[in-house]
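A short worksheet on the structure shown next.
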Amino acid sequence: MRSALESAKIAFVKYSGCGNDFIIVESPPCSMNIGQFAAALCSRKQGIGADGLIVLSPAVQGDFKIAFFNADGSEAEMCGNGARAAVHYFHAKNPIKYSYTFETKERLLQAEIHENAVAISMGDVLAIELKKELMIDKAKLPLVSMNTGVPHALLFTNDLETIDIEAIGKKVRHHPRFAPAGTNFSAVKMTEEEVLIRTYERGVEAETLACGTGATAAAIAAALLFSAAPPVKVKVRSGDTLTIDFSLEAGKPSGVKLSGPCHEVFRGEIALQDIRRFQK
């Protein structure tokens, strides 16, 4: 006879934030290995398919708590588009107010619901380095690096369409200068109207259609290096646009907000007959 846990089902909702897609669940069984669960669900060939898993649970200080898990099962400190998706999901279930406070692994952040967008505060931007050279394939790569909740390395280039984002991204992501945690990598192009970006995400280990923390890093770097005036619009690979607003004082950004569209894709239930695969 199967146990109650083995016969249980977990409800999920699939979300997209500018092409960055996520599976959202609430408070799964505590006996479950969430990392393994995330990797199985996020598999695009054998699971639901997503860039990450978002787990919502009750908060101590805020309206709710968000835990982020990458497609490979690793836990992330922050995910900009994932947080926006989680806020949209929570508001759809509890449409009582339009501003929220939520907890992440390391931060207490705010969010606002607008007619066609969800905006979140990003917290402090740390470890900004505007000139960071890396040797990649015997060539010097001039990078900008910073932490917008997770680490990012950026390369400004005019060859956004031809750059091998997967090959370079993998080498930068695993470079000893970013060890042991590694980094996300983005190629960024400046235009008169907006900033264009492609991102190789750590934990997904591939290019994604959007990355909120990466777009935030690109916007801040564009302001510091090229005097781009906030709010800065960043066009991601999906063709959607994220807007990053902030203040700059003595080269230090503050009041950083990430805003853009997101929507529910579909919902369903996960049958856990094979729950042993996900138990700790």
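The backbone N, Cα and C atoms fix where each Cβ goes, glycine too.
Where the annotation comes from TrEMBL, it is an automatic prediction and has not been curated.
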| said: For the substrate site that TrEMBL describes with Asn20, Asn70, Gly80, Asn81, Glu201, Arg202, Gly212, Thr213, which of these is also annotated: Asn116, Asn158, Asn184? | reply: Asn184
| request: Count, for each of the active-site residues Cys79, Cys211, the other C-beta atoms lying within 10 angstroms of its own C-beta, and report the residue with the smallest count. | output: Cys79
